């Protein structure tokens, strides 16, 4: 199909599906090949090209004083036919045209529109690229054609398969499909798309369950094997990169084996193909989701398509026969019937038939997708011509037709790379550095209606130029799902690992096939399909579900706990009893029982016992630096003060006993009240020095202990220096042992000096408590170590308080008749 012009646009379209080659007998001249299987859509695209040219010629503002012509060829879906047509267009050897009186020959084409097939475009561009002849395809999507080194003059108004693959990956990711099957055609389009899909799906975390190539020869055994593979797989989603010609035999085999329950994902090559929209196929293909190139609107195209007539073209010119073939295919008649046609009942075309009276895809302009790309290609060339290139064409055409074509074509490619305009539908047309168009897709859904018909609905858009994260717009509520549940299927090799678990890969299987392993204690994962579990921070622990780090439980001897309350109560009670006893002794300070054996030491002993009771409160509550430092110092000094008083009292008892013997009157002279106070002070000062050295060198500090419980923090005070703590306890033990030893030696003194017995008993209790304390303290964890130490303090303090002051309070309060000097002296005399 052609039209003369000053500048020619070439075109390659799929008007027929099949090519019939003549038999080669080598005995006679072979006939020309011919094509069968007329397709209305392919012819509609060719006429859309013609419409664009006519529209440009009618607009005087676009190409003034220049008429644009076209030469459009049918490739019959065969590479050889397409390549021969492209070479004829580029060389201008197919037909003879005259531009003016002096120049003869066909004018070189401004560029070629097509080929729709990627394999064809690869072969043609490889040749035409050597001469920089521009080729702008409306349907070749192979990503390999973006290689400017191999195809420097190739452009396209349809996005590359690289964009289509990314669009599919976005849909799969949105719907949660990570385990999919892949089927592709045995051509460049299929192989390059499949390779890109494999890589992109792997990068996004998905896997291909199987990968099958559609046979070119449609071998039944191979088709049966492929369908069997699909049936046996657990993948419920099948992605197909193919055109309808390769795919239709596979779908027929799917019907034969009654393979239902699959979600098909269609590439742009068959997503809008009506050949599958039949009641026989819809139970299997209904609900198909597909990527479709951008739909557009072309005002006036419908009337133009329906207004053609076969007599508009020279009927006797076999080189311009595309309209005649279309007419005969649509109306089932012959314009020039062969012999015997009428006799056989065939109809004869009058040429006056009306296309509006028949239903064909040819007149349907509601879904202009590849046709819209063809329309944009025509205006792309026109936009390029407006850069003064075509205005110069008439002065250089003869040189070009007879001389080097490459220099002229270099200018054409240069301006084509800079094309940038907006169509009447609002779409911007431009090319990137690889000659690719802006990537915008419609997402289609095959809706199977109740009456058995099929309606292709647009349910979303993918715009690669949109802001990050907004490229995909999908209305899931409008999608028709061809399943009983009316919901999207699950297509995963392994169900997602919930938070609290991690993914464990299965050896020898794809990354999508895995086991879910619970996180270990102290580790969490708060995302789905986490590759690893993360360790919780030091002060946190994993929740029971292992999906969240929660603050660790805190343990210390608290005032709010029953144990802490009990010990605090006992401590305050002991301090209160000391205060009461101190009050009694103050009230009866002039009585013989109080005055006996240095009442000043008794008051100092009561004060030290009270401090012992109160210092235990420092062991209760959350440890702080000051409490850790003060608790042991207060405990050590208070007990040394207490034990020093007892030691001095024992020494006084022995000194008094010795004065009762002849020649020993000087004993008390050298051990009077001043010496007693000095002894207590010196002994206590040694402990104060030990505590000072300990606090200065290695002070006790608060510590978070996680050794005993992983999910619990035990707040405790570490002693800092074990030697310092040992020296403190050892010094107390030394004084206690000396007190016990001296009291034991004085246990048989006369009754009026029988306080030595009570000192012996009290120190026995004291030593027993603190000897038991050491192993109990070492083996007690956490707050129980503090509780053991408090218990030892309270037990030894109560033992001293009761043993030393209990008998005296008994005499003072209950037996006042014995609280006289006479009574004490009388008993002593009797005893003597």
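Including glycine, each Cβ sits where the backbone N, Cα and C put it.
The average per-residue pLDDT of the prediction over the domain 'G-protein coupled receptors family 3 profile' (563-828) is 81, rounded to a whole number. According to TrEMBL, the feature domain 'G-protein coupled receptors family 3 profile' maps to 563-828.
Annotation comment: TrEMBL describes 563-585 (among others) as transmembrane segment.
Same-chain residues lying 6+ beyond the ends of the transmembrane segment (601-621) with a Cβ under 8 Å from its Cβ atoms: 556-559, 564, 567-568, 571-572, 574-575, 578-579, 581-582, 585-586, 594, 627, 630-631, 634-635, 638-639, 641-642, 645-646, 648-649, 652, 676, 680, 786, 789-790, 793-794, 796-797, 800-801, 804-805. The transmembrane segment annotation in TrEMBL covers 601-621 (among others).
The transmembrane segment annotation in TrEMBL covers 633-657 (among others).
Annotated transmembrane segment per TrEMBL: 678-698 (among others), in sequence order.
Tertiary proximity for the transmembrane segment (718-746) is limited to same-chain residues at least six positions away from its ends with a CB under 8 Å from its CB atoms, namely 628, 632, 636, 639-640, 643-644, 646-647, 650-651, 653-654, 657, 683, 686-687, 690-691, 693-694, 697-701, 703, 753, 756-757, 759-760, 763-764, 766-767, 770, 774. Sequence annotations record features per position, and here TrEMBL assigns transmembrane segment to 718-746 (among others).
Annotation comment: TrEMBL describes 758-778 (among others) as transmembrane segment.
Per TrEMBL, the feature transmembrane segment maps to 790-813 (among others).
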Contact ranking winner - 563-585, 633-657, 790-813 against the transmembrane segment (758-778), Cβ under 8 Å: 790-813
Distal contacts, the transmembrane segment (790-813) - CB-CB under 8 A, six or more residues away: 557, 567, 570-571, 574, 577-578, 581, 584-585, 588, 591, 593-594, 602, 605-606, 609, 612-613, 615-616, 619-620, 635, 639, 642, 646, 755, 758-759, 761-762, 765-766, 769-770, 772-773, 776-777, 819
